[in-house]
Amino acid sequence: MAPPPRAARPPAAAPAPSLLLPLLLLLGAAGRAAPGLGSELQLERRSVPEQCPRAVRAGDFVRYHYVGTFPPRFTPGGGGPPPPGPRPSPGLPGKSWGILGGMPPPPSPSLPFPSSSPLPLLPPLPFSSPPGGPRCSRLLRPLRPAGCSGRERPEEELNSSPPPGPGPPCLLGLSRALCAGSDPPPASPWEASEVTPCRGAASPFLRAPAPRPYDRGSTFNVLVGKGQLIAGMDKALVGMCVNERRFVKIPPQLAYGSEGVPDVIPPDSVLHFDVLLMDLWNSEDQVQVHTYFKPANCSRTIQVSDFVRYHYNGTFLDGTLFDSSHNRMKTYDTYVGIGWLIPGMDRGLLGMCVGEKRIITIPPFLAYGEEGDGKDIPGQASLVFDVALLDLHNPKDGVAVESTFLPRDCERRSRAGDFLRYHYNASLLDGTLFDSSYARNRTFDTYIGQGYVIAGMDEGLLGVCIGERRRIVIPPHLAYGEEGRGNIPGSAVLVFDIHVVDFHNPSDSVQVTSRYKPDNCSVLSKKGDYLKYHYNASLMDGTRLDSTLSLGKTYNIVLGSGQVVLGMDMGLRDMCVGEKRTVVIPPHLGYGEAGVAGEVPGSAVLVFDIELLDLVSGLPEGYMFIWNDEVSPNLFEEIDKDGNGEVLLEEFSEYIHAQVAAGKGRLAPGFEAAVIVQSMFTNQDRDGDGRVTAEEFKLKDQEARHDEL
């Protein structure tokens, strides 16, 4: 059925140009232009990006924004006045613009028809209406252009099942039908309530597959070179780069020809399009990976089922940022290759190593497809991810131990139950330092194999030697898990570079190694002996603590008198003059957990290199003075020189010193003589009156509880 003449058409308002043009672009030319009209497609590249890694070819899918206008002083095909018909708005041609109502003329001398954003020349027209909004009483279908399959239908043909009830007519031109409004048109741009979906309406004439509904403000998405666009636009898009802007003049024979599109595009119209290409891909595309930084040490790469932590910036092909983990200051943590990610990211991360940086470009059919993500990512969008891999592990991983330094002499290795002192630097896999014992200037001290530290460290410290340096890599399930702790992120692999300072077991005793013994070694040290010796004191890692050699004098003690720590007392026994020993003292026989502030660390194993220089035999246990000769039977009378029957301290001290000087008696070595004499006198002065009487005076063998004389 042929369409009726223009005068016979009902006074219905024209369809919204901004909603209909994408459809018209898809339909192709409706007829040939009149002879003599311009026939050349004209292109002007108004903005070209510095880099153009890829240009549009036939068969590519593109997303672009456009502004569509008629030429200045519009004359279809290059001559003649605008077509007849009502002109509801100054400067706007014909009935097709009646929808604009009382809009002011656009600032450009060109006359606009529908466009996408950016740079819109028309206000947005909403697709929805509030509940109870107007309903369509009659459905209008645009004329099928020539070349479309199926029977042509006039605009006035009713839908097979029009919705009942009064209301304005509907226009079927997209996959959603719109109520076209009434005639005369409104005096202002349409409100939401003035654009209403027709119930049950669908587009019967679009070429399969039908495009998604075109919403103003979104890009126009289409295949190039496959007959889905008018011929001029198909040609104009070829060779474009993403972010390129072109101004295109399309003659009518490459647009809608001599027939035009009723109420939208007049016959023989030259069309101007200002096009900005946003995206470009092909159905044969694969994920593109560009590594722009790779660390020298890449011993392990991502495999399927690995768990990774990475930062990323997500952009579209035109550079627009849609998401960033950096903005959230938190890594994205996920498994790879098991469907937790979009397919393109699953593929793009494989083979990456910690510290590597990649740009991963993903076509939409390996990303969010036709629908987008429903929020920030539109349908049919190619995605570009700039990824920095921070962490990588597999749930099957165990603790990895690498010995970076092993001392030559390793007589003993740590075992469960030992107490260790070690220094460490702790970092994440990307090298970020999160803790250090060196920064606190003290070792970390703990038992191992008993749950005092994380499971991975318990395991990694077994079998170490004193002085050994190790790198211990601990997966999160053997560290702080998914939750993390403090400045340790969740699911983080931890790297500890440790230096074992010392270790011991609570059951350890003093270790004595004789490094030199003289030939004559018959007199051995025992409790009570007075010893003079030199020593060098250090920690197990060789750190020097003290030395008598640096002081230029010996260290002198009475063995067994508590003048040194118990471990040293034990280490000096049975030693002969001239002998050299190394004595290793565990902390429970040394300075314990407290240590000595500023000198000896707590829980430190001590190493003493000793040389015995002199030995003075002590007195029998319990004695402070002994006689070398027979004891005088009149001892009290000899001490009591004035014969008054009592001895004062002065008399007692004078007599004892005289006996020592004459070689008749001997004081206990290693103590001050005055202190010994005072103690002896006090023990004899039983009533404490400062005088010793004959009744109080007794010898050692006469009174076991006294140790004097």
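Glycine is no exception: its Cβ is also placed from the backbone N, Cα and C atoms.
According to TrEMBL, the feature compositional bias 'Pro residues' maps to 79-91 (among others).
The compositional bias 'Pro residues' feature in TrEMBL is assigned to 103-133 (among others).
Here TrEMBL flags 134-145 as compositional bias 'Low complexity'.
Here TrEMBL flags 215-281 (among others) as domain 'PPIase FKBP-type'.
As annotated by TrEMBL, domain 'PPIase FKBP-type' applies to 305-393 (among others).
Look at TrEMBL and you will find 417-504 (among others) tagged as domain 'PPIase FKBP-type'.
Summarised by DSSP class, the composition of the domain 'PPIase FKBP-type' (528-616) is 13 helix, 37 strand, 39 coil. Summarising the annotation, TrEMBL assigns domain 'PPIase FKBP-type' to 528-616 (among others).
Assigned with DSSP, the residues of the domain 'EF-hand' (627-662) fall into helix, strand and coil as follows: 18 helix, 3 strand, 15 coil. The domain 'EF-hand' annotation in TrEMBL covers 627-662 (among others).
The domain 'EF-hand' feature in TrEMBL is assigned to 672-707 (among others). Model confidence over the domain 'EF-hand' (672-707) stands at 80, taken as the mean pLDDT rounded to a whole number.
Here TrEMBL flags 72-170 as region 'Disordered'.
As annotated by TrEMBL, signal peptide applies to 1-33.
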Three-state composition of the domain 'PPIase FKBP-type' (305-393), taking helix and strand from DSSP: 14 helix, 35 strand, 40 coil
Secondary structure content, the domain 'PPIase FKBP-type' (215-281) (per DSSP, counts of residues): 10 helix, 24 strand, 33 coil
